[in-house]
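Asker: The structure that follows is given in the form of structure tokens.
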Amino acid sequence: MAEPLRGRGPRSRGGRGARRARGARGRCPRARQSPARLIPDTVLVDLVSDSDEEVLEVADPVEVPVARLPAPAKPEQDSDSDSEGAAEGPAGAPRTLVRRRRRRLLDPGEAPVVPVYSGKVQSSLNLIPDNSSLLKLCPSEPEDEADLTNSGSSPSEDDALPSGSPWRKKLRKKCEKEEKKMEEFPDQDISPLPQPSSRNKSRKHTEALQKLREVNKRLQDLRSCLSPKQHQSPALQSTDDEVVLVEGPVLPQSSRLFTLKIRCRADLVRLPVRMSEPLQNVVDHMANHLGVSPNRILLLFGESELSPTATPSTLKLGVADIIDCVVLASSSEATETSQELRLRVQGKEKHQMLEISLSPDSPLKVLMSHYEEAMGLSGHKLSFFFDGTKLSGKELPADLGLESGDLIEVWG
């Protein structure tokens, strides 16, 4: 838009020129100046437009009366094209043309690219391009490569790359390597493993639950097979779930065999018996072993007499227990020795206890020899004591006042 043309002439200003004019009033008038002349005055026309054309300046001749020549003032410049126009010089002097400074507006697409980083930083910095097809060629982590491989790129994007682009060369090299791998290993799947997602996690969770249910079902089938009562029909049982147990027959606790130890005189007999078997079988075996009548066999456990009808399970006998077997006198001898004394002889050990019958007129030497023979201690030096008194063997039971049930101690 062009500004209106306006003639400009000399106008009075303050400063040194004005003071000189005021000071000349009191002086003598000067000679009259020459009549008015035609002096061309320069008028600036600023054509403002959006184009990049330069400013047009038009100079038109205007008749201006010649004024008095003031002292030359310092020219002023105004960068803005306001209503006052350009700076004025002294009257009569040729005006200088001042061009307005304008900023050149450029298209954003034509803006020059200025490097942000220095040369060293730029050489070591690889910016990631925005194109998805070029992202595959950038060095990345294995997970990123798997994502890019799964997503893929369309052939139109590969064709859009320039023929001389380094990205296109790298893409071609990568495709050639993949083709070589496929030719060398045609049966091998070289596709990357998919990343675990939320769906895969939920799928794994459901698979784990299914496996647990299958295990519980098989355990229930195993319990039903081991139980005595099977409610399932054989048609419903699967051949894969059958369990065969190869074991011997389960015997009850009462029919279990164990070795019973029987001590008779100087012998120790080991006899296998059952827990539910009565001790009468033991009595018969010992009578046959000693060649005497079963009525003369007496079994003792500690100081208590065992009944032939008792069983090892009722007596709670174990493998470490030992039973003493005593041979009693015959019935004919019993009538003769009805007045005999039954004396107990106890050795140093607890199991070395023996009950011996002795007549009141017999010396104690008979008791000592019978004990040594029964315990297998013949030839050993033994000492017999009664109430703390050492016995020589020549004493009679009546002399010592012995009665049935008295205890005689033996020390070796």
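Placed from the backbone N, Cα and C atoms, the Cβ positions cover glycine too.
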Asker: For the feature phosphoserine in Swiss-Prot, which residue out of SER191, SER227, SER233 does the record point to?
Answerer: SER191
Asker: To which residue among SER81, SER153, SER198, SER202 does Swiss-Prot attach the annotation phosphoserine?
Answerer: SER81
Asker: Quickly, which of SER83, SER151 does Swiss-Prot have down as phosphoserine? Just give the residue.
Answerer: SER83
Asker: From SER154, SER165, SER362, name the one Swiss-Prot lists as phosphoserine.
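Answerer: Of the listed residues, Swiss-Prot records phosphoserine for SER362.
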Asker: From SER12, SER79, pick the one Swiss-Prot annotates as phosphoserine?
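Answerer: Candidates were SER12, SER79; Swiss-Prot attaches phosphoserine to SER79.
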Asker: These are the modified residues: THR309, THR311. Which one scores highest on other Cβ atoms within 10 Å?
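Answerer: In terms of Cβ crowding, the pick is THR311.
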Asker: Please compute the mean pLDDT of the model over the coiled coil (168-227).
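Answerer: A mean pLDDT of 74 is what the model gives the coiled coil (168-227).
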